[in-house]
Amino acid sequence: MMRLQLLLRIRETSSRISKPFLVPASFSCPVSPYSVEKKPDLNYDGSNLPSSIKVVICGGGVMGAAVAYHLAELGWGSNTVLIEQGRVGGGTTWHSSGLVGVFKPSLAQVKLCQSSVDLYQHLENQGHPTGWKKTGSLCVARTWDRMIAFRRMKAQSVAWNIECELVTPSDIKTICPLLHTDDLKGGLWIPNDGVADPYQLCLTLLDLAKDKGEHWRHLGLLSDPPVKVPLHPVEHYYLHTRPIDNLSPLTPGQMVRDQDGHIYFREYNGCILAGGFEPVAKPAYEDGNIPNFPGEKRLPEDWDHFHVLLKEMLHRVPSLGAAELDQLTNGPEAFSPDCKWIVGQASEVLNHYVAAGMKTVGISAAGGVGKATAEKIVTGRSDFDMYELDISRFIGLHNNRKFLRDRVKEVPVKIKKHCDKTELDVGLANGIRAMNLTHTGELGYVLYIPNEFALHVYTSLMMAGRQYAIRHSGYYAMRALRVEKFYAFWGQDLDTATTPLECGRAWRVKFDKGIDFIGKDALLKQREQGVTRMYVQLLLGEHDEDADLWCWGGEPIYRDGEHVGNTTTAGYGFTFKKQVCLGFVRNQGQVVTSDYVLSGQYEVDIAGVRYPAKVNLHSPILPTKYPDRERQAYLATRDKMVSEPILGRN
C-alpha cells in the first residue's frame, strides 16, 4: 500500500501527478458500511403511496430521518411519507466524518446541537444503535490570536452551558500523544463532544419512525413551483487509513481540530479519518449539472488540491506518514453564501419547509434542527430560536450561480414599521421609501431602494452630497454612535423572543388604544408580573483600549461575582472614551427590577479577564448640535424612558 509520507514526496516532486499511481485494491469507507448502490427506478409512479398524507419529506439522509423521527414522536408518524431517490443515507450522510461538536458561532446553533447530543445519548441508553461515543474534542492553537479566540470561547461557555477548559501544550501531549506540539501555544478541551456513526444513526431514526407508522419510498420529486434554496456544493475530502497498531478506540482526545492548519482528524475502529477545509475551496458541478443518483455524486480525487491539507496533517501527526492509505474520499458538501444553515418555511410554496446547508456538521445539527422543524410543522412554532437561520434572509440574487460559486470558495475556511415614512424620487428612480429611523442615535433616515435602482440612487446621492463634504461611514462607526446612545439593533440586540418591556421600549406599545393586537395579553401579564431580564448599558473601567482586548459581543456579565447575562453589542464610545457594552441582565429566573440592576457591582469578562463596569438603565445625555429637533423627532428620550412603568417598579 502507499505510505502517506511517500505520497507527499511524490506530489512535491512532480506537479503532473494528480493522484497516486497505486490505487487501493478495494473500496472501503469506514463511515458507510455499503460500497455499491443499486439505482432505483426513477420512473416509479408512486402507486403504493397513501391516498392522503399530511407531510412529505424529500430526502432520506440524516436530516430527513431526524425530521421523520420527531414527527413520529409528535404523533404524525402515520401521516408522514419520506421519499428518497437513491438509498437511504446515501447523500452527504454516507461520507460524513461523524463529528458531533456543540461549540458553534451562535447560541441558537449551540442549543440545536445540544439537543442533538441529548437525543443520541437517549437513543443509545434505550439500546438503539447510533454509534454515539463521548470522546471529547481537542482544538489546538498555533498562534496567540487563536488562543485569544479560545479564551473568548471559554468565557462564553459559562452562559452557553458548555463544559470546556484551556490547556497547555504539555496538556495537549498528555491528551493526545500522537500530536506534534512544539509549535503550539495551547488549546481548548471540550470533554462532552463526541462522535456518531452517520449511516447507522440515519437507519435507527428511520426505523423508529417507521415503527410509528411512517412510510418510506424510493422516488425522485421536484416541487412545483421550484423553491429557491441558495446552496452550492464544494468538494470536501476525507482521508482514510488502514488500521494502525496501538491506536485504541477508547483513547480520549482522538477527535482533534487544528483550525490554523485547516484540518481535523478522528480515530475510527483503529484507523484514522482525517479531513479539512482548504483556504480556497473548490466548487463542484460548476456547470450546474448535478447527478440525480447519489451514487454518481462521488467526485474524483484531486491530490493536487488536497496536497495543502495532507501536508498539514503530516505536520500535526508525524506518525501518520507511516500509515497505509486506504482511500481518499471526495464528496460534495453544500454551503450557503453566509456559511449558516438554512431552515424554515420557503416563500414560494405554502408549508414547504427547508432544512439544508449544514456544511459538513449535519450530524451535530440533525437532532435539534429535526426537532425544531417538526415542531414548526405540527404546532406552527418551536422553542428553538431559528431567526438567524431562516431562509427568508435571502433574496433572488443569492441564487445566482456565479454569486454562489464565488461565495462558497470563501465560506468553508422584516422591516418593523415603528416610524414615519414617505416615498421619494432620487435621480431617475422612484418608489424610494425613506424612513425616519436611526441606527446611530443621531438625526437621520434609512432608505429602502428597489434592487434595480440601488446603484443609480447611490451614485446620485454621492454626487449631490459633494457640496456637503459627504463621506462614507462604516458599520463600526455607526455602531460606536448607537451604543453610546443606548440604541438597540434588531437581529443583534433584539430578536423574535424579546419583548418591548424587556428592552425598555414599553412606551412604544399603545395599551390604551382599545386594539386587541397579537401578544397584547402576554404583554399585559408580563407588565403585571414583571420582567425576568432587563436591557442595560455598561461602561467599562480599568480598560486600556490600546493594550487590552476589546469586547465583541457575547461576553459574560457578572453582578456581585455571579453570572447574570451576556453582552449583545459592544464598541468603543468616543464621547465616553470607554468601551461600551449593551446586554441583558437576569436574576436566576426571578423578577428583575431597576433597584436590582442598579444595586449591584458589575464586571464584564473579556477572554478570561474581568473588567469593572458601570451600569445604566437610561439613554445618557450626550452633546448634540440639535437637542430640540432630536427630542421632537425621536420618542426614545430620557424623559420618556424614566416614566416607563417597568423601569419604575421597585
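Backbone N, Cα and C define each Cβ position, glycine as well.
Curation does not apply to TrEMBL; its annotations are automatic.
TrEMBL lists 54-213 (among others) with the feature domain 'FAD dependent oxidoreductase'.
According to TrEMBL, the feature domain 'FAD dependent oxidoreductase' maps to 220-375 (among others).
Each residue in the domain 'FAD dependent oxidoreductase central' (379-414) has a pLDDT score, and their mean in this model is 79. For 379-414, the entry in TrEMBL reads domain 'FAD dependent oxidoreductase central'.
Residues or ranges marked as domain 'GCVT N-terminal' by TrEMBL: 418-513.
Helix, strand and coil content of the domain 'Aminomethyltransferase C-terminal' (535-615), in residues and according to DSSP, is 6 helix, 43 strand, 32 coil. According to TrEMBL, the feature domain 'Aminomethyltransferase C-terminal' maps to 535-615.
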* DSSP says what for the domain 'FAD dependent oxidoreductase central' (379-414): how many helix, strand, coil residues? -> 19 helix, 1 strand, 16 coil
* For the domain 'FAD dependent oxidoreductase' (54-213): best-contacting stretch of 220-375, 418-513, 535-615, by Cβ pairs under 8 Å -> 220-375
* **Composition by DSSP (helix, strand, coil) of residues within the domain 'GCVT N-terminal' (418-513)** => 33 helix, 18 strand, 45 coil
